[in-house]
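A.B. asks: Here's the feature list from Swiss-Prot:
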- 30, 221, 246, 250: Zn(2+) binding site (BINDING)
- 282: ATP binding site (BINDING)
- 32-42: motif ''HIGH' region' (MOTIF)
- 279-283: motif ''KMSKS' region' (MOTIF)
């Protein structure tokens, strides 16, 4: 059995992954708050964890993995979006507009993630379906002295949990000293966070022992993961921006409500995304959603390839040049595997790279080597471990040009040139290929020809 090693944010070490129950590996990914389209940064953890799930199912069996990704469908941002629509004259009550918006946004999210080749999780719980479980968990926290009710709010008593701050490497006193926020009068301590808050008549709300209200964000994930995965499960994942306060708060409330469990054993966090070397933001004019890219004609498979080309723990820079290069590579690879059956399993080099802390860049390097060797079956099997070259994602491309004869011709000329030290024939063929829009890659692994965005079959040498 191949050993998987993952970098655990909680311990700050790369560790051998040892499932609690090898017959049922359980993992949870924080999903979207459904008020608007998913931007590219939202897609990165989805694609990364999709590869992890594929790896786990390959090694342990398809039926031995339970993957949960939630929808946060009760949130102030959702309320604000619906209120803006109501004020703009959209007919319907605020409650109806909120329901319409969340339903619409979940549909958008599914369509966009499907376009990136991300397989649907086993469970996609919606927060509003677990309100009763959240209330029960809050009652448990109050009974244990970890939470208190005041002015219609319920707050978690942060200092009641001695390990608070260990995930993010912060101390409570340092956090208070560095805070620049006005402390709400109903808080005992500035660091205490909301588990439940009151709702007025127009906003979504549910009856509770503390009056009509709605849950805080953090309790939602704790309640849903407990109900679907238990008090101890294997992996919790999300973007590094969620490490604090969201994940820190999840740990605190879950471990206090269920003191005999570990909550999540392994914490995986992907780094942030940049665009052309700068932070993605609306103020810089470089903010875009997954749908924006798809509507620009960038195929979902190309977006996926670019997302996987950088290790998940490194900041990822999206550039137009990377997208063009990815498209050229995928065109070449699809040409190589046209009409080919995949090998019985992915090459050991691909599996080994993914087992080493999800080194997707290393796995792609192994695929490049197979492509250079003309190993279509191996390339296809390995690429599918990454969710690439699948039938579902192939609709964007016509059947790729068959460059195998030219590849063999270049390889033969190159071999002769190495013996004779005369590379004139190699250079001449290379130039004609470049003129036809073909990228020529030559390495110790062999020759690889990739149709580029300016590819013109009419200019290919005969």
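Keep in mind that glycine also has a Cβ here, set from the backbone N, Cα and C atoms.
On this model, are these features tucked inside or out on the surface, and what's nearby?
C.D. replies: In the three-state DSSP classification, residue 30 (Zn(2+) binding site) falls within coil. Here the Cβ of residue 30 (Zn(2+) binding site) has 21 other Cβ atoms within 10 Å, regardless of which shown protein chain they belong to.
Taking a C-beta cut-off of under 8 angstroms and a sequence separation of 6 or more, residue 282 (ATP binding site) has no same-chain neighbours.
Under 8 Å from some Cβ of the motif ''HIGH' region' (32-42) lie the Cβ atoms of residues 71-73, 75, 77-78, 80-81, 101-102, 105-106, 108-109, 112-113, 217, 239, 272-273, 275, 280, 287-293, 303, 318, all in the same chain and six or more residues away from its ends.
Long-range contacts of the motif ''KMSKS' region' (279-283) within the same chain, counting only residues at least 6 positions beyond its ends with a Cβ under 8 Å from a Cβ of the stretch, are 39-41, 272-273, 318.
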A.B. asks: So which other residues, same chain and not among 30, 221, 246, 250, have a Cβ within 8 Å of the centroid of the Cβ atoms at the Zn(2+) site?
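C.D. replies: Nearby residues not in the site list: 217, 218, 220, 222, 236, 238, 242, 247, 249.
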A.B. asks: Residue counts in helix (H, G, I), strand (E, B) and coil for the motif ''KMSKS' region' (279-283), per DSSP?
C.D. replies: 0 helix, 1 strand, 4 coil
